[in-house]
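Student: I'd like to ask some things about the structure below.
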Amino acid sequence: MLRTGWLRGAAALALLLAARVVAAFEPITVGLAIGAASAITGYLSYNDIYCRFAECCREERPLNASALKLDLEEKLFGQHLATEVILKALTGFRNNKNPKKPLTLSLHGWAGTGKNFVSQIVAENLHPKGLKSNFVHLFVSTLHFPHEQKIKLYQDQLQKWIRGNVSACANSVFIFDEMDKLHPGIIDAIKPFLDYYEQVDGVSYRKAIFIFLSNAGGDLITKTALDFWRAGRKREDIQLKDLEPVLSVGVFNNKHSGLWHSGLIDKNLIDYFIPFLPLEYRHVKMCVRAEMRARGSAIDEDIVTRVAEEMTFFPKDEKIYSDKGCKTVQSRLDFH
């Protein structure tokens, strides 16, 4: 009897190892191997084993709010509003077992302030493979939608892509980068998917997440931050209510926002307009230190200072904010 049990275990192990070898090539073969292993052992769960060798969409996988909070606080600098709003929005959404609509976030601010970085952090906290996940989809306006004369084609393709991927994984994440370079009208193709419908053509989009990244509104955000600075108030005193109404109206009326006169704004389908404040000298130094740590280098404060001082700052007189945020920190650090 012991020998029989040992043989069963050995056979199951052999089949599972075979599944691991072929996982990258043939999902059906993986399924057959796992099915055979389950039959031999009599107690292995098909889904549990399959998901050890292939990426699965686990709707029941909870969001680790503490891990997300730690990532945002330790890796994102100078963005108290983004940290607070994204943490609350994602936690609330994922804790809701029956959301009435998808979560839609619109991130705004100048280049280098952390928008792309945040989308990466969000993706990694929702799906272990992050941006490499089959369930996280990144669209770049200048790459995927370059031609103005093909707007109708892009709209059709976008609808089909989103419908197909949400059908495969209800928790899919869609990130639209360079929204300020997106031709007006394209994004309205996904309006039905963001609305309060239980289903659209038999598919529910209520558990999906849509994230827009845009430089549009950066001037409005900077003006508010500068007004606070000139009034002697801390940037941490800036609240979402100081910027969100201005942002939504400004982006709606901006022909270069990708959301110009968009039904997404007109119908209040964007849940949060999240401002990314311009970064100050001290924040740039934080970015340099973080990059040095990521490279496994010891923190050299002389180098940190030199890299930060190589950046250019604005306005012309006060020189408070880095005009490229932290965007060029990596390349500048290569010279030291």
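A Cβ is built for glycine as well, from the same backbone N, Cα and C atoms used for every other residue.
Pasting the feature list from TrEMBL:
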- G109, W110, A111, G112, T113, G114, K115, N116: ATP binding site (BINDING)
- 279-335: domain 'Torsin-1A C-terminal' (DOMAIN)
- 1-24: signal peptide (SIGNAL)
Student: Tell me, how many other CB atoms lie within 10 A of the CB of W110 (ATP binding site), whichever protein chain they belong to?
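Tutor: The Cβ of W110 (ATP binding site) has 22 Cβ neighbours within 10 Å.
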Student: Can you give me the residues near the recorded ATP site, meaning same chain, not G109, W110, A111, G112, T113, G114, K115, N116 themselves, Cβ no more than 8 Å from the center of the site's Cβ atoms?
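Tutor: Neighbours within 8 Å of the Cβ centroid, excluding G109, W110, A111, G112, T113, G114, K115, N116: F117, N215, F276, G325, K327.
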Student: List the helix, strand and coil residue totals of the domain 'Torsin-1A C-terminal' (279-335) as derived from DSSP.
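Tutor: Looking at the domain 'Torsin-1A C-terminal' (279-335) with DSSP, the answer is 29 helix, 5 strand, 23 coil.
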Student: Can you count the other CB atoms that lie within 10 A of the CB of G109 (ATP binding site)?
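Tutor: By my count, 27.
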Student: Can you check which residue among the binding-site residues G112, G114 has the largest number of Cβ atoms within 10 Å of its own?
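Tutor: By the 10 Å Cβ neighbour count, G114 comes out on top.
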Student: Could you work out which of the binding-site residues (T113, N116) has its C-beta surrounded by the smallest number of other C-beta atoms within 10 A?
Tutor: N116
